[in-house]
Structure formats: structure tokens, C-alpha cells
Amino acid sequence: MSKPICSTGLRWLWLVVVVLVLDFASKQWILGNFVLGQSQPLIPSFNLFYARNYGAAFSFLADHGGWQRWFFAGIAVAIVAVLLVMMYRSSAQQKLNNIAYAFIIGGALGNLFDRLWHGFVVDFIDFYVGNWHYPTFNLADSFICVGAAMIVLEGFLSPANKSAKSKGE
């Protein structure tokens, strides 16, 4: 027997749309206002810097001839499918997990769109200290990392806290 969608974690899918809109808008702004390699300092240790990532996190496999585009696209589709099933199986009251899943789905879909449309992922957030620069990333990457951190955090909650959170107390 099927469950009403609003009683499942799918109730939180609106967050996926929020993540996608923020990610898409930020990348479109970069594409419309920056040339590849252009940097704009905002505050000390933080620049906007337009980069193209043909690989995964930290440009993993970026220089491997193009097959990685489809490989990482397939991984993104699989992750989205698994997380959608997990959201459907969870209660809408399990806020922390469902928000985390929505953040990861939104980020994965944002980067998937880039891979399929452009052939690369648009990165633009550049943190640095002195001459050392953290690898450039984007909002989708940020939402994926925050979602993953939320899942880890949820794993550390005591069983009493978990039951209180699921009941909305």
C-alpha cells in the first residue's frame, strides 16, 4: 500500500528546488559576468574565480579524456535515485535526514546539469590563505557537503534525541 507523499520525506523536496535555483542562478551570473580564469576579490581570503571542472571534487579525473563526464553523471543519477527512495521510506518528521538528503540531491542535480549541458561543472568560490588556495568549488558542492555533514551529525545523536526529533519535540 502506498503512503501519502506528504507523510514521507518527499515532503521536503521543495528544498531541492531551492538549492537548484540558488546554484543555477549563481552559475549563470558567473558565466554572464566572468571570463574563464577571471578573479574578483571580495574580502581578504575570498575571491570569486571562474573555473571549469571536468572531473569530480578537487578535479579528480579531470584530465582523463572525457569519459569521466558520463561516469560522474551516472554516479549522480544513482545517488539521486537512492536518496529519493530513502526520502520516500522515511517519515516527514525526520527533518535532519530529509533536509540533508534534499541538499545532496539538489547539489548533485545542479552539478549534473552542468556536466550534461556544458560538459564541465562551473566552479567559482575561491578561499585562500597567503598563496595557498583551497580547490575552487560552487554552491552545489557546498550543499552536498553540508548535507553529508548533517547525515554524520544525525549519526551521532543519541537514540533519545533521535526519537524526540522524529516526534517533533
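Every residue gets a Cβ built from N, Cα and C, even glycine.
Some features that Swiss-Prot has for this protein:
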type	residues	note
TRANSMEM	12-32	transmembrane segment
TRANSMEM	70-90	transmembrane segment
TRANSMEM	102-122	transmembrane segment
ACT_SITE	D123	active site
TRANSMEM	137-157	transmembrane segment
ACT_SITE	D141	active site
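Rounded to a whole number, the C-alpha distance linking D141 (active site) with D123 (active site) is 9 angstrom. Note: the stretches the transmembrane segment (137-157) and the transmembrane segment (12-32) are in contact (3+ CB pairs below 8 A, sequence gap of 6 or more). Under the three-state DSSP scheme, D141 (active site) falls in the helix class. According to DSSP, D123 (active site) is assigned to a strand segment.
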